[in-house]
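Notes follow once the structure below has been shown.
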Amino acid sequence: MTSKSTLLNNSCVKRTSCLCLQKLCGTNYPVSIAFIVVNEFCERFSYYGMKAVLTLYFIRYLHWNENLSTAVYHAFSGLCYFTPILGAIIADSWLGKFKTIIYLSIVYVIGHVIKSVGAIPDVGDSTTHVALSVLGLVLIAFGTGGIKPCVAAFGGDQFEEEHIDERRKFFSIFYMSINAGSVLSTIITPILRGDVQCFGGDCYALAFGVPAALMVVALVVFIAGSGLYEKTPPQGNVLLNVCKCIGFAISNRWKRPRNSPKRQHWLDWAEEKYSKRLIQEIKMVLRVLLLYIPLPMFWALFDQQYSSRWLLSSVVCVCVCVLCVCARLYSLSIPVVVKMLNALLILVFVPIFDMGVYPLVGLCRIKLTYSPITARDHFCWWKSAKSDPGVAHHLPVFSLQDSEQLTWRKTVDVQPNNVHIAWQVPQYVLITAGEVMFSITGLEFSYSQAPASMKSVLQAGWLLTVAFGNVIVLIVAEGAGLEQWTEFVLFAALLVGVSIIFSIMAYFYTYVDPDQLDKEFRDENKDNMDDLKKDKKEQESMGMKDVPKQTKI
């Protein structure tokens, strides 16, 4: 009976709560992931719904010019990309993923509310509207960016070590919910802005208020599943310890004489001060981050499928299959419908790749390391293409030949040719297929190759590749001053070269199992504890022998 009770207690200690062991419909999926998936759906609806009308809000409500609107839009999107590292540090070092998601979601909701209030004409003057809008966007950026690396990692934490396949499929379901939220928000929010009138004009307050309400729902749903979650406690100031360990290793190496015995890795020079476990975990993270160096070029090309300036100049409807109905009914602009097309293709491609493409590749005995999940989880820092619509006129040119003759020439513009929008569908099919195979595979790879104490940090590192990719776009597009088609050819050529480099790096990459590392150091710590107890007993027994016997007089 004692041994059985001990085993039962050990199994209960392993999980935070017994409720965490409940499974969904008799499967190996924890019940808790249902709350996480619904939370992510509502959060993505909130985010993409707000962004769907953001540029038009700048132009038509705040009366900003196109350049200022584009600059603020890109600054907001860029901030959404760089804040994940802050959320990851908070989650892994101090609060843990669960509390970080809750607290930053509250910040997220406050940002949405302020943004909606700033869109009410009766609240203050134009300066007040601008101040509230900017403050709301800053809070939204910190909220959405801060929780982004935590939610995916928190969902992965809900699965037990032996349920690897279920965890991979969870990521597929997780990102399908993201795209479902994106599709619905892209349709509904522009309708609320254009078809619903309030305060004598377009109802931007309602268009921003509905995403705020959805974010409140997301927060309530997430808190409702609190008793079911597996909550991994924070490991202290992880990032600070990592930086100190790296700094000590470098300084210790340079202080030693050149004839000192070589060590297997330069981080091993920190063994005098830091534990072997921390050193091994830092090695794992650095190897993955090194592998991520070429990846921003993918995002530099991928994120150019949208353009904020394109949104401003697109006023016609699109007739692409079923999307024609929505476009004609609600006068949706071209980029809005194209974003719907991209998200819908992702919803179709996820099960196709999961149940068709990857199993067929496996039957061909071609070994591919993949994660059958999709990528809509990133935020887009969109590239702005310079455009000049021109003015309808003709330009006469007069040249003076001699004093008695005047020659007149007329320059006539070539009439534009119309190309049906459906010719862009094959390109978007290929882009979406690449997104399915590349994007969230990286997120799952980041989770599986990260040590338990730094999973959110490595997720944030993956998201930073998107941010740096858009920095490349700004440098090349604004600095080079090339024509649009030349830019696309240049980026495509750069991506081909980077793909070759990445393939070579991936070939030499060796996969590691963080769980195996935990077991190894757990057994090592157990052996050390046993040795310490044994030494303590020996010292106590030796001490008892040295004590003189008491005698009665």
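Glycine is no exception: its Cβ is also placed from the backbone N, Cα and C atoms.
Because TrEMBL annotations are produced automatically, they should be read as predictions rather than curated entries.
What TrEMBL records for 71-89 (among others) is transmembrane segment. Sequence-remote contacts of a segment are chain residues at least 6 beyond its ends whose Cβ falls under 8 Å from one of its Cβ atoms, and for the transmembrane segment (71-89) they are 54-55, 58, 64, 100, 104, 134, 137-138, 140-142, 144-150, 238-239, 308, 379-382, 384, 456-457, 459-461, 463-464, 466-467, 470, 474.
Summarising the annotation, TrEMBL assigns transmembrane segment to 101-118 (among others).
Within its own chain, the transmembrane segment (130-151) is flanked in space by residues 36, 39-40, 43, 47, 50, 57, 62, 72, 76, 79-88, 90-91, 97, 100-101, 104-105, 107-119, 123-124, 377, 379, 456-457, 459-460, 463, which lie at least six positions past its ends and keep a Cβ under 8 Å from the stretch. Under the heading transmembrane segment, TrEMBL lists 130-151 (among others).
Look at TrEMBL and you will find 172-192 (among others) tagged as transmembrane segment.
As annotated by TrEMBL, transmembrane segment applies to 204-229 (among others).
The transmembrane segment annotation in TrEMBL covers 284-302 (among others).
Under the heading transmembrane segment, TrEMBL lists 308-330 (among others).
Per TrEMBL, the feature transmembrane segment maps to 342-361 (among others).
The feature transmembrane segment is assigned by TrEMBL to 457-477 (among others). If you look at the transmembrane segment (457-477), the same-chain residues 6 or more away from its ends with a CB under 8 A from one of its CBs are 74, 77-78, 81-82, 84-85, 87-89, 92, 148-150, 152-153, 238-239, 285, 288-289, 292, 295-300, 302-304, 378-379, 381-385, 442-443, 446-447, 449-450, 487, 490-491.
Per TrEMBL, the feature transmembrane segment maps to 489-512 (among others). Within the same chain, residues 284, 287, 290-291, 294-295, 297-298, 300-301, 304, 369, 449, 476, 480, 482 sit at least 6 positions outside the transmembrane segment (489-512) and bring their C-beta atoms closer than 8 Å to a C-beta of that stretch.
According to TrEMBL, the compositional bias 'Basic and acidic residues' annotation covers 522-540.
Taken from TrEMBL, the feature region 'Disordered' covers 522-553.
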